[in-house]
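Colleague: Submitted below is the structure of interest, expressed as structure tokens.
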Amino acid sequence: MRIILLGAPGAGKGTQAKIISEKLNIPHVSTGDIFRANIKGNTPLGQKAKEYMDKGELVPDELTVEIVKDRLGNVDCVNGFILDGFPRTIPQAEYLDKVLVQMNINLDVALLIDVKDEDIIKRMSGRRVCTNCGATYNVVFNPTKVEGICDVCNSPVIQRADDAAETVLNRLETYHKQTQPLINYYEKAGKLKVAEGAGEVDETSKRVMKALGI
């Protein structure tokens, strides 16, 4: 199954992608991870992306699509993938469609994990991340056993700058302007499925599996 994951920042896409990945035995392809891997590996595509990022500029859609295309061409994507973090705009979706046609890949589902803004703000402003191992917690839903200390490696946990309430509001505003139109785009293409993302992870997972017909 070939899946694109849609949803606001903090909707739980990464968590659900991991669950789907394990259930279907297909890779979770996170564009953020691909960028980091290409830059760290000093690949030609990574070098190009780094030039833009070092100047504080956005990586052009054409280059992002090339990086995604390169990853989807890997052998582990033959039986499917979960693409998370791309596309974010209509032009990106159109670029991706062209690339998938070139690769003879048919997209099965664009899955929207739908969460209300107020729930997103609650989730994200309460999120804490370990400074060492990257483990994620939430002061309301999933607190550390010892306040401020990671359960896994005993390092300090912090609130990332982009999880502060004001920043979350700005990110949601950007999401609604840029990414929301994708919902209409994939609905018109007959690819859209929606799963309610509020509540516990297990509850959301059941709704996700139902939406995917699994």
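Including glycine, each Cβ sits where the backbone N, Cα and C put it.
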Colleague: Write down the one residue from R2, R127 that Swiss-Prot lists together with G10, A11, G12, K13, G14, T15, T136, Y137, G199 as binding ATP.
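Modeller: Among the candidates, Swiss-Prot records only R127 at this ATP site.
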Colleague: Under 8 Å between C-beta atoms and at least six residues away from its ends: which parts of the chain pack against the region 'LID' (126-163)?
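Modeller: Residues packing against the region 'LID' (126-163) from afar: 10, 171.
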Colleague: By CA-CA distance, flag whichever of C133, Y137, C150 among the binding-site residues is nearest to T31 (AMP binding site).
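Modeller: So, of the listed binding-site residues, the one sitting closest to T31 (AMP binding site) is C133.
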Colleague: I'd like to confirm something. Which of the binding-site residues, G12, C130, C133, has a Cα closest to the Cα of R160 (AMP binding site)?
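Modeller: Result: the closest of the binding-site residues to R160 (AMP binding site) is C130.
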Colleague: With Cβ-Cβ distances below 8 Å as the criterion, list the same-chain residues six or more beyond the ends of the region 'NMP' (30-59) that contact it, or say none.
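Modeller: That would be 14, 17, 66-68, 70-71, 83-86.
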